[in-house]
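For reference, the structure is listed below as structure tokens.
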Ligand code: HEM
């Protein structure tokens, strides 16, 4: 799910546009398939970028959605080049690898972020045919300005105790006994959902579990509707697209009810109040909240799970990280709170310490992200033909750069499949070997604007686990696992675990 699609869907929900009749759509699909299937194959053009055969762009589109990493990796292997181009539906996409291409990809100001992700909607305009003067700069500024307001240090400090309450409540529900076993990929996800909704909405919604569950039902439908088929032919009225339209409208109406309530109440530090006083209308506020929820939840929850797993599998790091949390509690906790439950004591650690005094957990998270962040970032060249690594990316073409190009590259990271946070420590600093060698938070013109919040929520979950429980990894039979699962690098959304499942076998040690 990406920011552009959410805004587009919202516009649709708010304005109720006309629908293409099913028969017309099916006719277009057939005609389109024939045109694409019988397009003449050619291997060269004046860009100098080698081409994959373009006689079956719907098949290419299918692998680009279902096995993106393998598709890109095989393309580089087949062509032996740092850049290759392929047809994706009606568009040309350049797959980029190597340091030179990576620098341009992250820094050129005419490589448009929003239009890049629009390719996944199949609805990007035909830029080749319009004049260069038509270029409208991407508009992430208003969005990032409001992210900065919501995730300011003051607001994070303000909401920190409520977030820790959320973790405590959620863990008490999913881990009710003194001892037990949980599947982190199920339980941690719900927890991040709750925390994110708190960060972007208002108390009357986030304090009401039934309302959070209702809201999540709509999101779930929208997320599940993003099947490869519905993304490749988004205009075809399938049941997934119909469900998505209805859920988007329902979600819009649901959130507007709360926003209107806030408009008629005394302002507080709740996110809706902050956005209202920043001058946003209802549609903008809903769009903003939805983008944050889609951008934040999946990445944050999956990484919170993986870091717990990697720490459990590397006891020396788990011991160091646990000591770090105890040391922070000892330095900051007020003796008045000595008999309070753990989450209340953690709430007395100031935001500055969460941000800058957790070097061990910070390293562990960085290494976790290196292994899970292997997806492709997308852009579109909106201005003049762009020189890249001795070749030319034409105006209107899309670009895809996979983070696996650096994160799993043995020339940059020794034994890249191993989880080893010390590779970032002074003396080794493997991520400094090449430009943009660590891009799990993006880089250049589009660094992640949710990074501070994402780090904070992951550190809070890890701290509650490490100081509150003894836990180990077990397999389905309760034995130490023979092998660790690995992140599925072809999973575009979740870096889901591949291999036999593992569980966290826990014993509560403090309340
Ligand atoms: C572990 C959690 C997260 C990871 C690993 C992550 C990763 C990334 C990456 C790699 C990019 C750059 C994408 C590109 O270059 O195409 C990015 C951009 C972005 N992220 Fe995150 N993100 C996380 C959490 C969040 C959260 C919680 C938010 C909520 C605000 C968020 C909001 C954004 C936005 C708005 C951008 C685009 C920034 C721009 O274009 O200026 N992210 N993120």
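Cβ atoms here come from the backbone N, Cα and C positions, even for glycine.
Unlike curated records, TrEMBL annotations are generated automatically.
When TrEMBL is compared with the stretches 198-226, 227-255, 256-284, 285-313, the one noted as transmembrane segment is 285-313. For the ranges 1-19, 20-38, the feature annotated in TrEMBL as transmembrane segment maps to 20-38. Other Cβ atoms within 10 Å of the Cβ of residue 448 (heme binding site), summed over all protein chains shown, number 18.
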